[in-house]
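K.L.:
Have a look at this one.
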Amino acid sequence: MTLNRRHFMGTGAALAAALSAPMVMGQSRPRVVVVGGGAGGATAARYIAKDSNGAIDVTLIEPSRTYYTCWFSNLYLGGVRTFDSLGHTYGALAADGINVVHDYAVGVDRDAKTVSLAGGGSLPYDRLILSPGIDFKDGAMPGWDVSAQNAMPHAYKGGSQTQLLKAQLEAMPEGGRFIMVAPPNPYRCPPGPYERVSMVANYFKYNNPTASILIVDLKEKFSKQALFEEGWQRHYSGMIERLGPDFGGANVSVNPAEMTVDIDGAVEKGDVVNVIPAMQAGRIVHQAGLTEGDWAPVNAADMSSKMDADIHILGDASAQGDMPKSGFSANSQAKVAAMAVRGALTDSRVFPAKYSNTCWSLIHAVDQPDGVKVGANYEATEEKIASTGGFISQPGEDVGLRADTYRESLAWYDAITSDMFGAA
Amino acid sequence: MMLALVCATGVSAEDVAPIDALLEIEGDVAYGEYLATECTACHGGGGRIPPLAGLPREYMLSALHDYKSGVRENATMKNVAMALGDDEMAALAAFFETETP
């Protein structure tokens with residue numbers, strides 16, 4: 001079934017309230033539907049189900065049966081992590097009493113408070129949580145659209161794209177060239193493209209040492225820049241070149257058929273070209289009429305949509321303020337939203353929102369791992385989620401501390417994926 | 001442990017309450033359970049980051065106190081501790097003591 005977008009956007013809040021009231025009273029348990037089984041959605045579903053002890057009926061809609069994390073996928077590209085180790089299934093969530101539906105959510109009827117599924121039918125909700133992650137903006141990079149992703153992979157959603165880029169790197173001729181077109185702000189995982197360059201360089205260093213890397217970047221600055229540049233000099237001297245906006249990085253088009261990148265008129269050929277295009281919120285929040293521009297604005301106190309109090313939007317898709325778009329952020333936001341949803345539906349206690357994020361990046365993996373991190377804590381203000389203080393690794397730290405930071409990231413990966421998907 | 005406590009008293013920033021004062025605060029376990037959801041993003045997978053469930057509240061309070069005052073060094077934990085008020089530390093310590101390891 002298809003829902004007409006105009007139909008559910010045009011009607012008033014009073015009607016929605018009138019429809020939702022008998023739905024709550026006329027059934028045994030309030031219903032929460034969660035769209036998207038990634039960092040935000042899986043965490044929210046798990047915490048609502050677990051902490052309400054069955055008082056809330058939770059349905060999680062996620063098309064994939066195995067979710068491959070985007071975080072740590074660079075370590076797979078670098079040859080220090082297997083692809084299988086990035087995969088997580090939904091069995092533990094189902095065992096916790098969550099109704100896991102493997103289907104695509106294709107529309108939201110905000111007046112009827114239902115979510116329609118590609119496979120047919122629709123699910124009613126009292127509260128809806130949307131955590132769809134990102135989509136790419138077609139046409140934002142001249143020459144690139146989603147149909148070009150087999151020739152020039154983005155590898156910026158976990159799964160088959162990650163495997164494709166890895167296969168292309170392994171098939172690269174000796175002394176070949178890897179070109180990355182870095183994304184404009186804002187995008188998911190700010191250090192991600194530069195950790196990727198580090199891990200590709202780590203792979204080249206030991207498997208294709210005369211290969212080279214060119215980064216084409218329209219941004220003046222990037223996350224952890226001093227740390228990455230120091231690390232590239234130390235571990236991969238002469239291998240990596242970056243063209244920023246002063247050198248044509250802001251005037252770029254690509255030709256997937258020719259495997260070329262046009263940088264302000266200079267045409268460069270790549271053996272492997274990784275295009276990470278401009279991003280926007282996942283499609284369903286646009287379809288539901290919850291966006292302003294590319295992202296969905298939310299209230300900092302509970303991650304509820306600024307346009308619909310019964311819908312919470314988590315993670316990369318949301319516009320919330322100071323937090324970076326990351327799996328860690330989505331997990332943190334999901335816990336605040338889960339608390340708010342339980343409070344609204346079951347009168348459980350609600351506490352002031354607190355958020356946190358830490359992003360680890362691996363610069364070099366072999367022998368002496370070189371790991372760095374950046375993080376911050378956040379609170380809700382009227383206006384946005386606002387940083388209350390942060391930290392970042394420093395250039396020149398000793399190798400022992402950097403190795404410890406990497407080992408921390410390994411423990412974090414295991415902890416946060418258990419926190420999202422339940423104990424395996 | 002005692003040595004660490006003595007040192008902490010010596011180097012504490014002005015905004016770090018003495019450990020004795022923290023131990024006097026009765027923690028709100030339900031609030032601690034909510035605050036602890038921040039901890040579980042990193043603690044619970046084993047390896048380099050230790051589990052917290054079942055830790056005695058005295059241990060948890062002294063650890064948070066020492067990260068806040070700089071006696072124990074870890075950039076992430078320093079930042080976490082700096083964002084916690086005395087009541088929040090007490091709530092966390094009270095909650096984790098009730099958890100089964």
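Here the Cβ of each residue, glycine as well, is placed from N, Cα and C on the backbone.
In case it helps, TrEMBL gives these features for our protein:
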type	residues	note
SIGNAL	A:1-16	signal peptide
DOMAIN	A:31-144	domain 'FAD/NAD(P)-binding'
DOMAIN	A:162-277	domain 'Sulfide dehydrogenase [flavocytochrome c] flavoprotein chain central'
DOMAIN	A:353-421	domain 'Flavocytochrome c sulphide dehydrogenase flavin-binding'
K.L.:
Per DSSP, what is the residue tally for the domain 'Sulfide dehydrogenase [flavocytochrome c] flavoprotein chain central' (A:162-277) in helix, strand and coil?
P.N.:
39 helix, 30 strand, 47 coil
K.L.:
Considering every residue in the domain 'FAD/NAD(P)-binding' (A:31-144), what is the mean pLDDT value?
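P.N.:
Mean pLDDT for the domain 'FAD/NAD(P)-binding' (A:31-144): 97.
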K.L.:
Within the domain 'Flavocytochrome c sulphide dehydrogenase flavin-binding' (A:353-421), count helix residues (DSSP H, G, I), strand residues (E, B) and coil residues, in that order.
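P.N.:
Helix, strand, coil within the domain 'Flavocytochrome c sulphide dehydrogenase flavin-binding' (A:353-421): 23 helix, 30 strand, 16 coil.
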K.L.:
Residue counts in helix (H, G, I), strand (E, B) and coil for the domain 'FAD/NAD(P)-binding' (A:31-144), per DSSP?
P.N.:
26 helix, 38 strand, 50 coil
